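J.: This is the feature table in Swiss-Prot:
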DISULFID  Cys33-Cys83  disulfide bond
DISULFID  Cys58-Cys79  disulfide bond
DOMAIN    33-83  domain 'BPTI/Kunitz inhibitor'
MOD_RES   Pro87  proline amide
SIGNAL    1-23  signal peptide
Amino acid sequence: MEGRRFAAVLILPICMLAPGAVASKRWTRPSVCNLPAESGTGTQSLKRFYYNSDKMQCRTFIYKGNGGNDNNFPRTYDCQKKCLYRPG
């Protein structure tokens with residue numbers, strides 16, 4: 001009986017800490033993904049991708065070549081890698 005009580009005393013604090021340990025590893029979307037698409041300035045017409053936080057997906061827009069913000073990716077893969085949560 002004494003052995004069981006000892007095991008319970010050791011296991012209980014570990015179980016109480018586990019939820020906090022998991023919560024601290026929550027994934028949060030980078031703030032750049034919340035920026036609006038900005039065409040920038042210039043004369044080019046480049047197809048780029050931005051993360052649309054309302055639709056929760058990467059969408060295309062036309063980038064003019066200069067300026068804008070960092071929610072601007074050359075490939076849809078780059079946008080998804082940065083802004084879409086992938087468990088595992």
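Just so it is clear, glycine is given a Cβ too, placed from its N, Cα and C backbone atoms.
Source: prediction; values computed, not measured.
I would like each feature placed in context: is it buried or exposed, what are its neighbours, and how far apart are things?
T.: For Cys33 (disulfide bond), applying a Cβ distance below 8 Å and a minimum sequence separation of six or more within one chain yields Tyr51, Ser53, Asn71, Lys82, Cys83.
There are 22 other CB atoms within 10 A of the CB of Cys58 (disulfide bond), with all protein chains counted.
In the predicted model, the domain 'BPTI/Kunitz inhibitor' (33-83) has a mean pLDDT of 98.
In the three-state DSSP assignment, the secondary structure recorded for Pro87 (proline amide) is coil. Around the Cβ of Pro87 (proline amide), 4 further Cβ atoms fall within 10 Å across all displayed protein chains.
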J.: With every protein chain in view, how many other Cβ atoms are within 10 Å of the Cβ of Cys83 (disulfide bond)?
T.: 22
J.: Please report the DSSP secondary structure of Cys33 (disulfide bond), reduced to three states.
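T.: Where Cys33 (disulfide bond) sits, the three-state DSSP reduction gives helix.
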